[in-house]
């Protein structure tokens, strides 16, 4: 039975629920407010703290450059406020459609796709020249080819417009969290494993840097390093290969050579710079607001146990057994006073097939530990819909890896967890009953708490980002540090 105890409240981890993808449809209409209201009321009664929602660029700015229409989202946000829930808003600069679980299709704005007709290199491109229209290539971040604006300026203008149009909801602290979209699925990564191009789990994926802008960037970097003869990889295989069938990832493969290391450093640094630049713009846009900024990092757990970590490398995470690819991201997040939001919290190694060389548990431990060592807040999500006690218990374990502390704050505690996703399946009675138990256990057996100060989550006005982090400091962060120890199971089971 839930209660309220001052010390136990310091163990409280808020729970948010991701709203369905098509709540606001592709025509910018809030489709079923009454149906959603009914579900939001049930979530609030279950003790849920808030909801997360994609705010689609392809919907808001679809009519033309800087022609924003926030009206449907405004009415949705007001409904969320009426229902007594907090809001996490994702600046979704990616396409919906083509990824795991995408049931609706929301492309990028048509005026952007039109530019892509004459200049297809604005999109990520694999070695065989297939374009991916999910998200603009990092190569155009600073190219003023979008009616005079760069991609970064587009994202910046969008966030400023959001702040202006949602100022009342920001002031009333309904919107508490801005998730800054940095890539496909809103995640800081390359679209290395696109289902709509035939990728299937556990394929290693493909590098996505063969558009002319990224190719030019690589050639310039190679020339500067005294190796103008170096080209982008041509030996890394295709989407559904295994590492050993490629020259690049095989034992003693290209990835371990000077040329391979140079490429992987460049490829991953492009991603770091991209995240850093857009977070800087987000920080300027929301400066002084009582909100947290956050970024999403993808849980690429397949091939994690192989020495080459191939699937992580193609996605842009240069993570090997002797090189930490995630702590540099945490460093950048810390510069902007942001949160690192990680996925696959529900997965256990024992559930994975051995041919994927997968270890979601070790990956989660590594990424969360790296965040905590950099003194940032870490939040998370489940990757796939689950309604069973085993998955919920795993999420609770990751939320408090060393259990609750009855005398005060626990040593390790995630900042929050967002459950994927609100659906008729979740609201089905037996599923919802166990979900309600999950919420209580995440709250450390405490009643719902409307005052975040009581669990040390007061949000001060957003401060300006710190100074740019020097390359040598980022490089230092690639040195592996052992993760914090995790309990083998949670002390707050939903079925305990």
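Glycine too: its Cβ is placed from the backbone N, Cα and C atoms.
Cβ neighbours within 10 Å of residue 187 (active site, proton donor), excluding its own Cβ and spanning all shown chains: 25. Taken from Swiss-Prot, the feature active site, proton donor applies to 187, supported by sequence analysis.
Positions annotated as active site, proton acceptor by Swiss-Prot, on the basis of similarity to another entry: 381. Neighbour list (residue 381 (active site, proton acceptor), Cβ cut-off 8 Å, at least 6 residues apart, same chain): 18, 296, 341, 342, 343, 345, 417, 418, 419, 420.
Under the heading substrate binding site, Swiss-Prot lists 54, 94, 102, 296, 301, 343, 382, 383, 421. Residue 102 (substrate binding site) is surrounded by 16 other CB atoms, counting those within 10 A of its CB over all protein chains shown. Residue 102 (substrate binding site) carries neither a helix nor a strand DSSP state and counts as coil.
Mapped onto DSSP classes, the region 'Disordered' (455-496) shows 7 helix, 0 strand, 35 coil. Under the heading region 'Disordered', Swiss-Prot lists 455-496.
Sequence-distant contacts of residue 382 (substrate binding site), defined by Cβ-Cβ distance under 8 angstroms and a gap of at least six in the same chain, are 343, 344, 345, 346, 391, 395, 419, 420. Its own atom aside, the Cβ of residue 421 (substrate binding site) has 18 Cβ atoms within 10 angstroms in the protein chains shown.
Taking the Cβ of residue 54 (substrate binding site) as reference, residues of its chain lying under 8 Å away and at least six apart in sequence are, in sequence order, 19, 21, 90, 92, 96, 186.
The C-beta environment of residue 301 (substrate binding site), restricted to residues of the same chain at least 6 apart in sequence and closer than 8 Å, consists of 344, 347, 352, 356, 358, 359, 360, 363. According to its DSSP assignment, residue 381 (active site, proton acceptor) is in a strand.
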